[in-house]
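TrEMBL annotations:
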- 90-305: domain 'ABC transmembrane type-1' (DOMAIN)
- 36-60: transmembrane segment (TRANSMEM)
- 87-105: transmembrane segment (TRANSMEM)
- 111-134: transmembrane segment (TRANSMEM)
- 179-203: transmembrane segment (TRANSMEM)
- 283-304: transmembrane segment (TRANSMEM)
Amino acid sequence: MIEGAAGERASPALTSEVAMPVTLSNRPAGVHPARWLAPAISVLAVFFVAPMLLNLVIAFSDMGSNLQISAFGTDNLMRLLVADKRLPAILLTTLVYVVSTLLLFNLGLGIVLAIATTAVPPALGALFRGIWFLPRISPSVLYALLWIWAADPSPHSLINQVVVGVFRLPPLNLRNDHPMILIVVANGLVGTSFAMVILASTIRAIPAHLWHAARVDGAGEWSVIRHVVLPALKSPVCFIALYQALSLMVTYEYILLITGGGPVYDTTTYALYIYRRAFESGAYGYGAMLALGLMVFGGLLTLLQWRMMNMRAQFTPPRIEVMR
């Protein structure tokens, strides 16, 4: 029997009623959501919208190293679309860098480590993930200095001690001969920690009955990974792929610190190219136009993520089942 709010016995007829979905609203009368969003909107306006508008103005100007504007036009746009002969090579470098880092480390190694650290005792897995996460929360300069020391061309560097002492090979000069491999590995190890933590949390959240059902059906380790673990990772992997791809395209601090974008422009990605055009060459107008192109592409990638992750469903009003 169902007890009423006042302790009285409910009518038996109530037990035969069906549950109806009802949308509840706790919003006080006369309170508009904009009042609560005003602080966040103000921060976005000052630190996001205003810089975008300022960048848009500079992009169509002739601002140079003197920071003065004497004319507006579409010269920077034409230079971006047809006149910059170095840009195709920069885009190819960016594509190789993003795809290699994303597939080999952020997704590939991230999935492997997530599965491995959830297969061991929880304390040991948490310790391993915490240690691997340290480079991500450490200063970029410190992390880059460690890689510069490890990849130094002298026989006394960390890598060359192994190459010369163990394999009896000549010393390697990774920063000059194989700079792309160096920045992919250096940045990829940092990105792996992000994917590993998210995917490990997803694996640990898989309902226990799915594991038990697979074991009862006689599934081995690989079958469990294929039919239980990997399907559960589909949505997080999509999020990580899109988020990390956008992050790799807009960040360049490790590349700048480790190789400086060189030799010449060999490891200069699109984001670093913006920095070099604006702050090294003093072409602020053209640098702003390059940044505008990156913002447009980033916006399109964000819309793709919105659609793929079905983010609209995350903002539907809450519903509760009540008896009527």
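Note that the numbers count up from 1, one per residue, in the order the chain is shown.
Quick reminder: no glycine exception, Cβ is built from N, Cα and C everywhere.
What you are looking at is a predicted structure, and each value in this text was computed from that prediction instead of being measured.
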Residue numbers, six or more beyond the limits of the transmembrane segment (87-105), whose CB comes under 8 Å of its CB atoms: 80, 180, 183-185, 187-189, 191-192, 241, 244-245, 248-249, 265-271, 273
Contact ranking winner - 36-60, 111-134, 179-203 against the transmembrane segment (283-304), Cβ under 8 Å: 36-60
Contacting positions for the transmembrane segment (36-60) when only residues 6+ beyond its ends and CB under 8 Å are counted: 69, 72-74, 76-77, 284-285, 288-289, 291-292, 295
